[in-house]
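Asks: Sharing a structure below in structure tokens format, with a few things to ask.
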């Protein structure tokens, strides 16, 4: 023992306290050694751990602490100096590591404590996401119900079926005790009960529209809670021993109901509202939730749109019925007009054959009788017969021509003719009649007037003769002159006529004919009457002349058919009158070698043409 470098213990090994300390050190060492093993195991199992180096340092600290307790087991017995040195090294190492760990924990512990805050934050976010998910699911459910209700509402376009379907579907979806719709009355002063779900109250009940609660509903687009005692909510069953159920009302815009016919619709033209009332069951267990109120608001909008579509459909059907009636009336009128046209044509055909043929015979015989020797009384009688026959023949011709103009069956003949010869022939026909009244006749043709033109020679001559005949008829003394010239392009543009649109071309020209007289004249305001059929203006002077009032009306139709325009000017009574017209004629550009043959053709034509004046 003297040569052994040992330390002797001063504790009584048989003491019970020493035994407890010995056992405690052994257990502490065992625990210290097991903790790092557990940490290493769980760190390896973890997918993510941000503080591995801290864990290694903490594990070293625990192992060294366990080593000190483990070495301390030998300190209870006699031990060598080496054991003491190992114990010292272990404690020094443990002290260094523990101090380093303590310093490191100063920075790590706040992060570890914030983990809890982050956990709470994440939990809060998770709760918010759950609420949002619940809201999304609720909105999807609301949308699904709205789509189902919309599909049920829009399956028909009958307004009563729409409202009935709405109440039934809302009652099923929301498990309602009662659901009703109040519509404005015709006067707009009351709301009338038009549709109910259970029919427990009579339809047709009314409440004044000026109630404060009704005005409040009209001014809000959202569903509103109303008291159970409100007149609108009297449709529900008796409450009894249960608490009053919750009642919600929402307005329904009447977008397009102005043309609805019926006692239960008012003429509001898109400015009124109906009110929908919804009542929950009377047991008081249910409350209105936000998504249910949103569902009610959406359904109210869909009902408004469906009613608008139904109104438009009814209006279109009503318009279609009216259009069918109008088409039927028009078809009937067309048939009657066709019958009238056929009757007129038949009449004209009969008149043309049965009246003009004997009239020509009378005119011919009267003319032959005037060439024989007659007494003055006989001559007056024959002249009267001839004059009346000519008048009747002229009226018949005018009526026939006017009828053909009106039905569009009269067509112009575009053939070359001698333009100057027409005016000379008119003068030769009018001059004997004018000489009887001692009237002078003048013919003035412009130097640039072409010799030949292309057009309807017969209608042009008929127009000039008609105007000249009127001039002779209404002129007692003085003169009658015809002026023919070509209208220049600048003169055509200066004509103040909204009815005449000249078209300039190298293939035609515009002929202007003026007939001036010194007759009785006419008031300016009476000039339009001259072109009215069967109308003769009556002025202050004596114009009691025979005629049917067709001549000038027929002339204006002929002029318009020839692409021209006709007008009359007069400065007043007893100041004469000037009748003017412009027509479009084609330019006749025949070769010079054939001018002789054209002249022969026109001469032969003038001898054989059947004039009916």
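These residue numbers are counts, starting from 1, taken along the chain as shown.
The backbone N, Cα and C atoms fix where each Cβ goes, glycine too.
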Asks: Which range is it, out of 23-43, 128-148, that shows up in Swiss-Prot as transmembrane segment?
Replies: 23-43
Asks: With the ranges 58-78, 163-183 to choose from, which does Swiss-Prot describe as transmembrane segment?
Replies: 58-78
Asks: Taking 95-115, 200-220 as the choices, which stretch does Swiss-Prot tie to transmembrane segment?
Replies: 95-115
Asks: Give me the mean pLDDT over the domain 'GAF' (158-307), rounded to a whole number.
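Replies: Averaging the confidence scores along the domain 'GAF' (158-307) gives 78.
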Asks: Given a separation of at least six residues and a C-beta threshold under 8 Å, show me what packs close to residue 69 (Cu cation binding site) in the same chain.
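Replies: Those within reach of residue 69 (Cu cation binding site), by Cβ under 8 Å and sequence separation of 6 or more, are 25, 26, 28, 29, 32.
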Asks: Per DSSP, what is the residue tally for the domain 'GAF' (158-307) in helix, strand and coil?
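Replies: Going by DSSP assignments, the domain 'GAF' (158-307) contains 44 helix, 34 strand, 72 coil.
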